[in-house]
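Sharing a structure, written as structure tokens. Questions coming.
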Amino acid sequence: MSDVEENNFEGRESRSQSKSPTGTPARVKSESRSGSRSPSRVSKHSESHSRSRSKSRSRSRRHSHRRYTRSRSHSHSHRRRSRSRSYTPEYRRRRSRSHSPMSNRRRHTGSRANPDPNTCLGVFGLSLYTTERDLREVFSRYGPLSGVNVVYDQRTGRSRGFAFVYFERIDDSKEAMERANGMELDGRRIRVDYSITKRAHTPTPGIYMGRPTHSGGGGGGGGGGGGGGGGRRRDSYYDRGYDRGYDRYEDYDYRYRRRSPSPYYSRYRSRSRSRSYSPRRY
């Protein structure tokens, strides 16, 4: 019986030994499986984290680039605006300067109240019958004269009611202005002052140069002369001299507006007429 027990015991040990090597690899396999799974998960997580970081960085770079470009464009536009504003005063000055004779006449209005002393005196408010000889007799009492010039109308040949007296010395012109200002000459009270222009305005003829719109005095022959179409006679300096030029300018402006309307107005008028006379459709 002892031999049989020993054999049985040896068989059990051999079975247990044969089972144990087969069991251990299963554990090793499970360990290897768990180990292989966990690094793959870690690598995937790290990759996704790195991707999200790279995306966030690229987005932040894009946003920063956009902000930079916006701020840069805004600064450039602000610079352009500031440059354009800096040129506006010079542009306004250029536009304000006009080369018309009316603007040149208006430039003297600021210093007309207090002109600078000079050798040229302007005599205003003269009668139509006062000549250069009469003025020379009056003003030669105060000192030697270099010239006397009565301003006549180029077309009619009549006096325009003012003249220029030229002295050789300023002291004589001062004395003449103080004493002759307000005196009566040929029934008219004259005004004497320092002249600003020192000569007559040649562009202003003194009468209306356009076509006569109403009947008036008949025109002269080849010598030129005659009335200008029912105009008013005024002898004072401001009426016959400077203001007559303004009246002529206003008449010309009115005549131009009356004969040649603006193209926008003509278009609007033609459209309104075509619409008003168009037949209605029922």
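Residue numbers in this text run from 1 along the chain shown.
Even glycines carry a Cβ here, placed using N, Cα and C.
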According to Swiss-Prot, one residue among Ser32, Ser73, Ser98 carries the annotation phosphoserine; which one is it?
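Annotated as phosphoserine in Swiss-Prot: Ser98.
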From the set Ser50, Ser54, Ser84, which residue is assigned the annotation phosphoserine by Swiss-Prot?
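Per Swiss-Prot, the residue annotated as phosphoserine is Ser84.
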Hey, which of Lys174, Lys198 does Swiss-Prot call SUMO2 cross-link?
Lys198
For the region 'Linker' (198-225), what is the mean per-residue pLDDT, to the nearest integer?
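Summarising the region 'Linker' (198-225) by its mean pLDDT gives 51.
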